[in-house]
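Here the structure comes first, spelled out in structure tokens, and everything after it is commentary.
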Amino acid sequence: MASESAAMDILDSAEASLNVASTALVEKEKKVQPATDETTPEKKAKMEIDAEMKDLTNDIPNSRKSQEKDPDALEDAKDPEADSSIELLCSPTPAEATDVDAMASKTESDNSVELLESPLKSPSSNDVNDEELLPLEEKEKPGPAKELEPKESEPDSKESSKSEALADSSIELISSPTSDDSLAKEKEVEVKEEHGQQAEAQVLQEIPRKADDSFKLQDDIAMEEDVPVPRSKAMQESKETQKTSKTTTKLEPLVDSIKDAIEDCINCNCKRLKKQYVLACVAILNFYKVPRKLKRSQYVCLDCYDTAVEMYEEYAGLLLAKQPLLLREFKQEQADFVTLDSSDEEEDEKTPEKPEFSKNVLDLIENELEDAIKKTLNKVEFSNQFNWSKTILQAKIERLAKKFEEVDLQLAQVQGLADKMHCSVYNSCQVVHKQLPPLDLHQNICPSDYKRLQQLPAAGDIVRPPIKIGETYYAVKNKAIASWVSVSVMEICDTTTGGGVTVKAYKIKYQHMPYPMMKTVAAKHLAYFDPPTVRLPIGTRVIAFFDGTLVGGKEKGVVQSAFYPGIIAEPLKQNNRFRYLIFYDDGYTQYVHHSDVRLVCQASEKVWEDVHPASRDFIQKYVERYAVDRPMVQCTKGQSMNTESNGTWLYARVIEVDCSLVLMQFEADKNHTEWIYRGSLRLAPVFKETQNSLNADCAIHQMRVPRRTEPFIRYTKEMESSNMQVDQQIRAIARKSTSKSGSPASTAAPPTGSSSSSAVRHLNNSTIYVDDDTRPKGQVVHFTAKRNMPPKIFKSHKCNPGCPFPMMHRLDSYSPLSKPLLSGWERMFMKQKTKRTVVYRGPCGRNLRNMAEVHNYLRLTNNVLNVDNFDFTPDLRCLAEYYIESTIVKEADISKGQEKMAIPLVNYYDNTLPPPCEYAKQRIPTEGVNLNLDEEFLVCCDCEDDCSDKESCACWQLTVTGVRYCNPKKPIEEIGYQYKRLHEGVLTGIYECNSRCKCKKNCLNRVVQHSLEMKLQVFKTSNRGWGLRCVNDIPKGAFVCIYAGHLLTEAKANEGGQDAGDEYFADLDYIEVAEQLKEGYESDVERADLDHEDDNYGPDAEDDDDFRPNNYYQKKKEKLRSSRSNSSSTQNTELDSQERTVISFNPNTDLDETVRENSVRRFFGKDQTPFIMDAKTTGNLGRYFNHSCSPNLFVQNVFVDTHDLRFPWVGFFASSHIRSGTELTWNYNYEVGVVPNKVLYCQCGAQNCRVRLL
């Protein structure tokens, strides 16, 4: 019965519209059809039929009431063969039936036939007096007496059958005219069609005029907002007709008050003046453009409901009046809003299922509904609306085009007038323009550098004028590495070398000598007296003035300022403040201005052949690879590193950095300072990079955790544009050297035919060149918690589990920081002077000002939220989400449901997908990896306070002990997690609570072991393959995810890396990192003994294996000192040729960094090496993190399921506040040169980029 009542409600709504449509159709036919003689037989027959149908249609309301009062009687009276449902669908209200009868009595016979061709109404009136309708009346409305007398059931059935027969005969009379009247009716139909076509043509002709009049009328009163636009006469008539046919329906509100109600009006612009609501039907939802929700009830207030109904009535009035709909502008306020709802609705929020239709109703709908709709639309001539709309729109377009032309004409006139005014203003005073010479502006140039730049010569080819007799030059006195002095050329002569080759020699005379001194030298040992007239390129042989005042340490005051031979290591450029970097032959380095450089008269084609043997190899490799890359240490003031000095590696600290030079102060002797080139092999980081490239014949490149905070190596590429011949030769050599094995110490030529096979493989092959303007760009959308209930007004109370609001919907699909705001919390901003602070207000109205108060509140109320759902950073946007509108390829979840949070994949560059990879949440051990996960070997705690007391928690003490070993004074509050935020890495590892602990699963010491909660997205980058970005803001220290994959041994990794690739390898070197952080441990540093009080101490060869003094230079140094002391009268004159102690660019000893004999790894077996995590074919989303030299993530080793130091979990934490839409990156810490014949340049674009990654 419930299904039948629901069907009747649906049919009632369509009943009124069909009746009004029939009434309007009658009015039109009265106007169109010509008058006929009422006395004709056809007319009389149809009048009788009209009277009969009038009696049938007047009994509907009372019959319906009887059906509602006695549904059982209705069920008994229903005949499955009778189309009673369609009759109910078309039955009008009593008021409408009266209007229709009144109209039908005045119309002609054809109008009556037309009216009754629609589906018949079910006869249900009690006022019918005809005797032949009494049985039908008794069937439709059984009285109380009849219901109590079961004996009268048979007469009732007979009467019902008679009524059905009568109803069928009535339908047959109306819908099927007799054959005698067929010819007359055909003629009348033809007349109707002719008049209808003429009327339609007249309407089409009048529509543009009416539309133009309507537009003009609207333009005249557009400025008056309160005065409505007058309607046409036809529209007013349609309104009156609509009012007469309108049915008054009393709506009973389903919700009496909004005070305690959860429901809200579906209209976002509702003023909430009414407190009564009704269920919103599909028509109301469509009117306010609100999507329908199948599992939830949607309500609308009475005001908004009446507004929608009135607007629909205006639409229906125009349709019934057969007027174009576009002549009336229906204004509806629209607001752009996004409803923030969960994808998973609460189970208990379900609308009770509506009863299904009965079989009779379904059969009726299938058979008659489509025909009824077509007939109804045909009666209102709905097909004409398309032609009318097209005509109206075309008229409007033409009118707007005319307006545009007028506006363009007015704009051109105004622009011309403005141009005339502009010219008249500026022509009043004539300005004299004077062309000045162009000025080359350089950014970030200080005044002194700019003045020096103006004094520099222009670039050009190097021209060496011939040596002339009598002119002054510089020449070597004793040795080529010593200082050069001024001489005069006395004579040019020819000499024969040992190979029988005749060369020119020059006899010179030294100036400023108390006695004449003559010598014959070659052109290579002569230099011009004046500075060069052009700028000098890389590798040019010169002598440069060395400033002795900059020398520190033991050589301070000994080395004097003079000209020394060397080569140009850096040209003049803005980065070095327009100075030359000079590599002197004896190993010293210094920056020199152009005025302090002299060009050597003759140089070899291979300039390193003229250099001292101690520096020859280094300068050769430097010149050859300068245009490719230069490895240099990136260091800052105060950093320390191992530095070689006189054959010993000592601990030195950075005092100052000057472009490519660094001033080092040795710890052994505070007075010993030295300027060293940042790419010199005497610096330990550069030396180790070179050694790794030499020893890695078949190595693999692995991502590793940084071992210490030491300076790192950055590879700089110099692309100097020059057309000089020497520079072109150097670049050719540099390019040719890239096809070699890449070993910087190897000088042997490659075998024949191996140049192509040993070519360096560049791995940067994923660049996509696109125009960013034509590609879709994402945007950050700021949501609002629309469905959130505001917190209560605070009243003094003790917080308990009843304070939070009950959860009305699931929050699994939302970001962690948005969950409180969707659960009745508020995040407020307080401003104190210029400082902004964040305060959370709980559902009970209590304000919480820090994480400690939030944690205490969550414990007291047993809230499902956790401390990682809150953050007090003012710049954090909790409800901001990154959104991309259009993509070419999109996947909903690459984890296939394994993660609690879905991980979508997008690609808006092309239709490619990432390489196939099986998703795995945790690491998977392989053959040879013995991973012991026995819980009995784990340390556990018995905390009951969510492990908030680090002093009493056993798991916390493991972490604290490791940190205190290196830094005993560090406060315990700053160690490890701080309310599940890790603000700085713990290199000794973090020990989390495990399954044996008695604490809760969401205690403060459980972070990495939880599944993914951040909303992340895999996307295709333009130059770095696939990457991963955050969809929402991530606070500093928040946990992102772990790095999972196959656990491999080093042997398996080397084997698989060469076959399948090694780009997803991560080294688990926790033991090496922790051991090198131990206090006082420096396996590779030799510290000098500063305590000279113990005279009995005598070191021997076994005490110091690394010390290998250079006896030759020691003796030479002592000889020089003795010679200087014996001849002190000649030290301060230019007569002596100063010879300094030779400093090699290459160290005189090896840096031994082998594994310590007492390493922890020896307890796990012989020849133990770090295990490797491979995410090539199996892994989680951590494999998509790209590298950056300035990353926003850092790596942390965490022990969860095992305390075996060889198998820590690798977790990623945010190193800073990351805004939504930002790519997530971490530092791979690749060792450059480890993999031979492979080059990978960094594309991160950071300011401290290393340029070369592999």
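Every residue gets a Cβ built from N, Cα and C, even glycine.
Residues annotated as compositional bias 'Basic and acidic residues' in Swiss-Prot: 40-57 (among others).
Residues or ranges marked as compositional bias 'Basic and acidic residues' in Swiss-Prot: 65-81 (among others).
Annotation source Swiss-Prot lists compositional bias 'Low complexity' at 112-125 (among others).
Residues or ranges marked as compositional bias 'Basic and acidic residues' in Swiss-Prot: 136-162 (among others).
Annotated compositional bias 'Polar residues' per Swiss-Prot: 172-181, in sequence order.
Summarising the annotation, Swiss-Prot assigns compositional bias 'Basic and acidic residues' to 182-197 (among others).
What Swiss-Prot records for 234-243 (among others) is compositional bias 'Basic and acidic residues'.
Feature annotation from Swiss-Prot assigns domain 'Tudor 1' to 535-607.
Positions annotated as compositional bias 'Low complexity' by Swiss-Prot: 739-759 (among others).
Secondary structure at Cys955 (Zn(2+) 2 binding site), taken from DSSP and collapsed to helix, strand or coil, is helix. For Cys955 (Zn(2+) 2 binding site), applying a Cβ distance below 8 Å and a minimum sequence separation of six or more within one chain yields Val939, Cys940, Cys941, Cys947, Tyr991, Glu992, Cys993, Asn994, Cys997, Asn1005. Annotated Zn(2+) 2 binding site per Swiss-Prot: Cys941, Cys955, Cys993, Cys997, in sequence order, evidence recorded as similarity to another entry.
Swiss-Prot lists Cys947, Cys993, Cys999, Cys1003 with the feature Zn(2+) 3 binding site. Counting every protein chain shown, the Cβ of Cys999 (Zn(2+) 3 binding site) has 22 other Cβ atoms within 10 Å.
Residues or ranges marked as domain 'SET' by Swiss-Prot on the basis of sequence analysis: 1014-1229.
Annotation comment: Swiss-Prot describes Arg1024, Gly1025, Trp1026, Asp1062, Tyr1064, Arg1183, Asn1186, His1187 as S-adenosyl-L-methionine binding site. Annotation note: Arg1183 (S-adenosyl-L-methionine binding site) sits in a helical segment as assigned by DSSP. Just so you know, the Cβ of Arg1183 (S-adenosyl-L-methionine binding site) picks up 24 other Cβ atoms within 10 Å once every protein chain is counted.
For 1081-1090 (among others), the entry in Swiss-Prot reads compositional bias 'Basic and acidic residues'.
Annotated compositional bias 'Acidic residues' per Swiss-Prot: 1091-1106, in sequence order.
Annotation source Swiss-Prot lists compositional bias 'Low complexity' at 1123-1134 (among others).
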Task: Secondary structure composition of the domain 'Tudor 1' (535-607) [DSSP: H/G/I, E/B, coil] - done: 13 helix, 28 strand, 32 coil
- [ ] Measure from the CA atom of Gly1025 (S-adenosyl-L-methionine binding site) to the CA atom of Cys1189 (Zn(2+) 4 binding site) and give the result in Å, rounded to a whole number.
- [x] 17
- [ ] May I have the list of same-chain residues other than Cys941, Cys955, Cys993, Cys997 whose Cβ is within 8 Å of the Cβ centroid of the recorded Zn(2+) 2 site, in sequence order?
- [x] Val939, Cys940, Cys943, Cys947, Cys953, Ala954, Trp956, Glu992, Asn994, Arg996, Lys998, Cys999, Cys1003, Asn1005
Open item on the list: Please give me the binding-site residues out of Cys999, Asn1186, His1187 that lie within 10 Å of Cys1244 (Zn(2+) 4 binding site), comparing Cα atoms only.
Closed with: Asn1186, His1187
Open item on the list: Can you tell me how many other Cβ atoms are located within 10 Å of the Cβ belonging to Cys993 (Zn(2+) 2 binding site)?
Closed with: 28
TODO: Note the Cβ centroid of Cys1189, Cys1242, Cys1244, Cys1249, the recorded Zn(2+) 4 site, then list each other residue of that chain whose Cβ lies within 8 Å of it, in sequence.
DONE: His1187, Ser1188, Ser1190, Gln1243, Gly1245, Ala1246, Asn1248, Arg1250, Val1251, Leu1253
Task: Packing count at Cys1003 (Zn(2+) 3 binding site) (other Cβ atoms within 10 Å of its Cβ) - done: 23
TODO: Please average pLDDT over the domain 'SET' (1014-1229) for the predicted structure.
DONE: 73
TODO: Quick one: pull the CA-CA distance for Tyr1064 (S-adenosyl-L-methionine binding site) versus Cys999 (Zn(2+) 3 binding site), whole Å only.
DONE: 36
Task: Cα-to-Cα gap, Trp1026 (S-adenosyl-L-methionine binding site) vs Cys1249 (Zn(2+) 4 binding site), nearest whole Å - done: 20
